[in-house]
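K.L.:
Dropping a structure here in structure tokens format, bear with me for questions.
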């Protein structure tokens with residue numbers, strides 16, 4: 001509510017100031033990326049035309065759109081398969097990663113003994129792990145989900161462990177004062193306090209799971225597997241169908257952005273109204 005004083009100055013209420021700041025932030029966060037996207041698409045459309053670059057080297061956005069529409073009967077099943085494999089791999093990495101983190105945080109000996117191996121697993125490139133997984137589990141669904149799980153596992157473990165070890169010391173002393181057991185402290189103090197860290201790990205993991213699934217499909221496609229965006233990219237590259245290859249890659253990127261926004265929205269619902277980090281982000 002705005003109040004007009006005798007000196008003709010307008011006093012704005014805190015609620016209106018908050019809403020105004022939020023609207024300005026939303027406008028800035030939307031307008032800037034949209035303008036950058038339009039400029040990028042315009043340059044992409046003009047450069048191949050001006051330099052007379054052949055479509056099999058650098059297709060124009062219109063060529064990519066045409067290929068996506070023409071081969072939609074092939075593109076959509078590939079997208080659907082990749083979505084399913086990525087989601088399953090992400091869910092496995094989330095559930096198992098959080099469970100392993102709780103187990104490691106509850107025992108210092110276990111953490112010292114096992115956590116270095118999780119770090120070592122993360123340092124190995126996925127393109128080196130993928131062929132081994134395909135050999136062990138075949139070129140089908142199981143191997144691709146396993147690759148998506150492996151690449152998304154470490155961010156969940158790393159962030160969750162950091163959160164579990166970042167509990168306020170005064171709160172921990174209070175639980176000790178009331179003779180709370182180790183698991184009571186874990187479930188009622190450490191896990192709730194670690195939720196923002198867990199959410200951060202899940203945001204990273206959900207995008208990495210897509211990378212893992214597409215990489216697994218690509219490796220499995222070389223080994224005889226069929227299906228998914230990775231396999232579609234392999235076929236398009238062999239046949240020099242560059243516009244369709246771009247369409248597959250852009251479809252994967254769009255799915256990745258959508259999946260990330262979905263995980264962010266769900267995490268906001270989990271943290272809303274009670275956790276300090278969510279309250280601050282909404283102000």
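Backbone N, Cα and C define each Cβ position, glycine as well.
No curator has checked TrEMBL annotations; they are predicted automatically.
Here TrEMBL flags 79-263 as domain 'ABC transmembrane type-1'. If you look up TrEMBL, you'll see 30-51, 81-105, 117-138, 144-164, 194-214, 244-263 marked as transmembrane segment.
Help me see these features in their spatial surroundings.
P.N.:
With a threshold of 8 Å between CB atoms, the same-chain residues lying at least 6 positions outside the transmembrane segment (144-164) that come near it are 85-86, 88-90, 92-94, 96-98, 100-102, 104-105, 111, 115, 118-119, 121-122, 126, 129-130, 133, 137, 186, 190-191, 193-198, 200-202, 204-206, 208-213, 215-217, 219-220, 225, 228, 230.
Sequence-distant contacts of the transmembrane segment (194-214) (same chain, at least 6 residues past either end, Cβ-Cβ under 8 Å): 82, 85-87, 89-90, 93-94, 97-98, 126, 144-145, 147-153, 155-160, 162-164, 166-167, 228-230, 233, 252, 255-256, 259-260, 263-264, 267, 270-271, 275, 277-278.
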K.L.:
Residues sitting near the transmembrane segment (244-263): Cβ under 8 Å, six or more positions beyond its termini, same chain?
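P.N.:
For the transmembrane segment (244-263), the sequence-distant neighbours (Cβ-Cβ under 8 Å, at least 6 residues beyond its ends) are 59, 64-65, 67-68, 71, 75, 78-79, 82-83, 86-87, 90, 202-203, 206-207, 210, 214, 229, 232-233, 236-237.
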K.L.:
Report, as numbers and ranges, every residue of the chain located at least six residues beyond the transmembrane segment (81-105) whose Cβ falls under 8 Å of a Cβ in that stretch; write 'none' if there are none.
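P.N.:
Hits for the transmembrane segment (81-105): 111, 114-115, 118, 141, 144-150, 152-157, 160-161, 164-165, 186, 190-191, 198, 201-202, 205-206, 209-210, 212-214, 216-217, 227-230, 252, 255, 259.
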